[in-house]
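Novice: Right, I'll just put the structure down here and ask away after.
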Amino acid sequence: MATLPLEEITFTNSFADELRGETNPNRGSRQVPGYAYSRVAPTPVADPHLLAWSDELAATLGLAHPPERGPAVDTLAGNLVLGSMKPFAARYAGHQFGNWAGQLGDGRAMSLGEITAPDGRTWELQLKGAGPTPYSRRADGRAVLRSSLREFLCSEAMHYLGVPTTRALSLVATGDAVVRDMFYNGNQRPEPGAIVARAAPSFIRFGNFQMMAATNELDNLRALADYTIRHHYPELGEPSPDVYLRWYEEVCRRTAVMVAHWMAVGFVHGVMNTDNMSILGLTIDYGPYGWLEPYDPDWTPNTTDFGHRRYAFGQQPQIALWNLARLAEALSPLIPQPNDLRAGFDEYTQTLAATRYDMTLRKLGLTPRNLAADQDLLNDLLDALTEAGADMTIFFRQLSHVAPALLAAPDAEATQEARFQELLVAAAYTPLPNPAYGPLLNWLPRYLDRLREETAGPDAIRQGMLAANPKYVLRNYLAQNAIEGAEKGDLSYLNRLFQVLKTPYDEQPEHEEFAAKRPDWAWDMPGCATLSCSS
Ligand SMILES: Nc1ncnc2c1ncn2[C@@H]1O[C@H](COP(=O)(O)OP(=O)(O)OP(=O)(O)O)[C@@H](O)[C@H]1O
Ligand SMILES: [Mg+2]
């Protein structure tokens, strides 16, 4: 299919054209009452050059691969604003760590406008780190290479895993230094700056609605809801109080599906504030996220959250519901009987339970049979994994090979115990035998008996399990290796890692090193197991 260089694309600007925005060129931080956004201009950078590019997303958008330097990359760095673009920073508010934070807004993100893809769908293109806006408060509007690289890679990795997410088109180095206190310990240092161009049908967050409700701007609230429905939920029909209710239920449903996916692959978002919740049910804001390595519902990578563990892995389902309740409050002025919004909570709870059940069964190669007994089997597995602290990804991936093989083996009884031992050694972070692995060892034969009840043959079961249990996820230490290379100007590790993450369910035996459990050196190394919000 024909592609165009980015600089030849004509952008549309539905958000800027249809909603009320301020055009004040003043970039000073301030409250922006009465408006859904502020028109802004990116601040140019010294030497924009391309570090990474998502070919597949570019193909979807109909964009040609740009050279390392030139007008396309200048556009992706904010140095060039095309005539058809109306860049803006959205005004949103939010609850951060459970507390109302008031106006936040795009302090370093800027939307450039929308691209209509060859298939007719529209995508908003947004730069993250393109300079200050009225919402920057005391910060600089910039992003460092390490956090931008993490956002670029993880957005795309999540897409390839099948998780609903915003996408990333490019990672561009700015040539400017950005000063950060990475450990919040008073030691500031200059780091290389970078800008990610991300794409999604829309970047509207729960917090955009909260902002309007908090300041009682009901016309703006209604306009934003109507805009969202008309452009992104047109199947619901023309906005009306009844349609608002159905829309809210659909947001709840999509959010549940997103969280179920996170739980299935071991993704921890790390900072599920309401301003980081997409109204489209997409994973948004790849900041201090992490991937479960030792299975532990209490784990969070975010050092800022070590005290309360509000956003730990196992908390995510209930935090999403808490956030949805804040969204319901924001939408209630639009609804004659706000209590009707409660139907969305049930939608969330039921969809989450059903989707998680479904996804976990698929991870185990099972089809629904006896709900109560199977629930027990699944719950016991999660308890056993927690007690063992086994590597989640390796455990499920190895099981996808071992369990079907045992079904097929004529001398299964004899080999079973040895195969289970091997599986646990592969996934264990402690030397075995270890009593913490007892429950898992007991669970495995029970599971195998249940698997024998399946009618599908071992091969079909193995195929299904391999398609549900990724071999390659973006372990934090892998991202850290890519960062260290990129900071030294060596992109080879980043490129190889990105390539591997594009087919995470494939075996790719030549890339085994990217499937390795967290190495010893990475346990205490910043960026590898824990992260601060400094980005
Ligand atoms: N360096 C910065 N300069 C200006 N504003 C910032 C900066 N870092 C964060 N902010 C703002 O602080 C708020 C909370 O930040 P948070 O870490 O959730 O978002 P983010 O990582 O900047 O971006 P996003 O949610 O768009 O992915 C947001 O309003 C964000 O724009
Ligand atoms: Mg954010």
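Numbering starts at 1 and runs along the chain as displayed.
From the backbone N, Cα and C atoms, a Cβ is placed for every residue, glycine too.
So TrEMBL has the following annotated:
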BINDING   GLY105, GLY107, ARG108, LYS128, ASP140, GLY141, ARG198, ARG205, ASP285  ATP binding site
ACT_SITE  ASP275  active site, proton acceptor
BINDING   ASN276, ASP285  Mg(2+) binding site
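Walk me through the surroundings of each of these features.
Specialist: ARG198 (ATP binding site) has a Cβ environment of 28 other Cβ atoms inside 10 Å. Following the DSSP three-state reduction, the secondary structure of ARG198 (ATP binding site) is strand.
In the three-state DSSP assignment, the secondary structure recorded for ASP275 (active site, proton acceptor) is helix.
Of all Cβ atoms in the shown protein chains, 23 besides its own fall within 10 Å of the Cβ of ASP285 (ATP binding site). In the three-state DSSP classification, ASP285 (ATP binding site) falls within coil.
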Novice: Based on a Cβ-to-ligand 1 distance below 6 Å, what subset of the binding-site residues ASP140, ARG198, ASN276 would you report?
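Specialist: Within range of ligand 1: ASP140, ASN276.
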Novice: Take the Cβ of ARG108 (ATP binding site) and count every other Cβ within 10 Å, whichever protein chain it belongs to.
Specialist: 21
Novice: My understanding is the cutoff is Cβ-Cβ under 8 Å with a sequence separation of 6 or more in the same chain; which residues meet that for ASP275 (active site, proton acceptor)?
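Specialist: The list for ASP275 (active site, proton acceptor) reads TYR92, ALA93, GLY94, HIS95, GLN96, ALA101, LEU104, ARG205, PHE206, GLY207, given in order along the sequence.
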Novice: Taking just the CA atoms, what is the gap between GLY105 (ATP binding site) and ASN276 (Mg(2+) binding site) in Å?
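Specialist: Distance between the two Cα atoms comes out at 11 Å.
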Novice: Among the binding-site residues GLY105, ASP140, ASN276, which residue has its Cβ surrounded by the fewest other Cβ atoms within 10 Å?
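Specialist: Comparing Cβ neighbour counts within 10 Å for the binding-site residues GLY105, ASP140, ASN276 gives ASP140.
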Novice: Could you list, ordered by sequence, which of these binding-site residues: GLY105, ASN276, ASP285, have a Cβ under 6 Å from ligand 2?
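Specialist: From GLY105, ASN276, ASP285, counting a Cβ under 6 Å from ligand 2 as near, the near ones are ASN276, ASP285.
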Novice: If you pair up every Cα among GLY105, GLY107, ARG108, LYS128, ASP140, GLY141, ARG198, ARG205, ASP285, the residues annotated as binding ATP, what's the maximum separation in angstrom, rounded to an integer?
Specialist: 22
Novice: Can you tell me the CA-to-CA distance separating ASP285 (ATP binding site) and ASN276 (Mg(2+) binding site), as a whole number of Å?
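Specialist: Roughly 6 Å, rounded to the nearest whole number.
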